[in-house]
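Okay, so here's the structure we're looking at.
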Amino acid sequence: MYLQPLGWASYSDTRETRRRVYLISLIIYVVASAVCAISNNIWQLLVMRSFQAFGGSATQSIGAGTISDIFIPTERGRAFGWFYLGPIVGPVIGPAIGGYITQYLGWRFIFVFLSIYGGAILVIIFFALPETFRHTQLSLATAPLPKKRFNPFLPLALLRYPNLSLPILYISIIFSVIYVQNTLIPITFSAEFNLSPSNIGLVFLSPGIGFSLGSIISGSYSDFILAKNREKYGSICPEIRINSVWLGSVLVPVSLLAYGWFIVKNVHIVLPILSMFFFGFGTMLVFNGSSTYLIDAFPGQSASAIAVNNCFRSIAASIMSFASIPLENSLGTGILYTLLTVFIILGTFCMVAVYFKGKKWREHFQK
């Protein structure tokens, strides 16, 4: 799931196709899901789950490329905000749906449902989605295009551009903190507030609602800033979109630090729950503005840029998920969240650098 999107994105950008990637990846996903449903042993299930992940991993990076293809810059933020609801809301409602299916129909029907769902999407794309890749990219930026050869790791070459690597570093820090918090929530709210497992599940609704509202609002906010700048100055550049990040860059560390010390001080449960909402809302302001900037700044390579972003933020989240409990045990809750807040604040300077230097960097690399 971490590395394969790089291959899909490289193929999409170098072969100048989105539709073909959707069709191939969804066929793999549907077939693998169906075989998972009839697996006879754990090894067969694990192998097919790998193929399922292989097929399903294309959509997030290729979807970002499709948004770049069909939406003008002043509409991309809103489109990306709605697009982000999938990976944000999916992990929230997926376990609930899967739990009911498992309880009443058995675990195999989860994969039956997924194969039917994937098959329906495949049919819709086959009949309703034309090729969207534009051979002549009309964008605000002038980023250098790669040679038209397929290399599954070609997107990693984009890391040499600081106006891509620095936003990804900032996004990865915040994304890893999300998983630290999610890992520790069951332990924290069980020990500090004596909540049952079912009530702990309800706690996750707070950041979930924050993520969802933030995803929708941040997109329109991002586009509004871009449109106002064009109206005022007559032209825009990708770095202007970073202005939509600043509010989130304040909300995220403030709400995270408050959450950590609310837990330490054992205040009323409403306060840490509210702080999680604002953390989720602020996070989406950062993610939308930063991710849409990557799309604007790398025309013709938007899928690759988002694939690299998803790859590194997922790796960072995995590492911090494993490290979260040992870190809390050794540092304590207050110190842990204070350190995480410091890292997020330091990461904000990555976006400050891109805001002031991004245009110069792009012009330099173009030469």
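In case you wondered, yes, glycine gets a Cβ from its N, Cα and C as well.
Unlike curated records, TrEMBL annotations are generated automatically.
Annotated features in TrEMBL:
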- 1-359: domain 'Major facilitator superfamily (MFS) profile' (DOMAIN)
- 21-45: transmembrane segment (TRANSMEM)
- 51-72: transmembrane segment (TRANSMEM)
- 79-101: transmembrane segment (TRANSMEM)
- 107-129: transmembrane segment (TRANSMEM)
- 158-180: transmembrane segment (TRANSMEM)
- 200-221: transmembrane segment (TRANSMEM)
- 242-263: transmembrane segment (TRANSMEM)
- 269-290: transmembrane segment (TRANSMEM)
- 302-323: transmembrane segment (TRANSMEM)
- 335-356: transmembrane segment (TRANSMEM)
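Touching of the transmembrane segment (21-45) and the transmembrane segment (335-356) is ruled out by the presence of fewer than three CB pairs under 8 A, sequence neighbours closer than 6 excluded. Confidence over the domain 'Major facilitator superfamily (MFS) profile' (1-359), given as mean pLDDT on the 0 to 100 scale, stands at 89. By the Cβ criterion (distance under 8 Å, sequence gap of 6 or more), the transmembrane segment (242-263) is not counted as touching the transmembrane segment (302-323), fewer than 3 such pairs being found. Among the recorded stretches 107-129, 269-290, 302-323, 335-356, the one sharing the largest number of Cβ pairs closer than 8 Å with the transmembrane segment (200-221) is 269-290. With respect to Cβ pairs under 8 Å, the transmembrane segment (302-323) is most closely packed against 51-72, considering the stretches 51-72, 79-101, 335-356.
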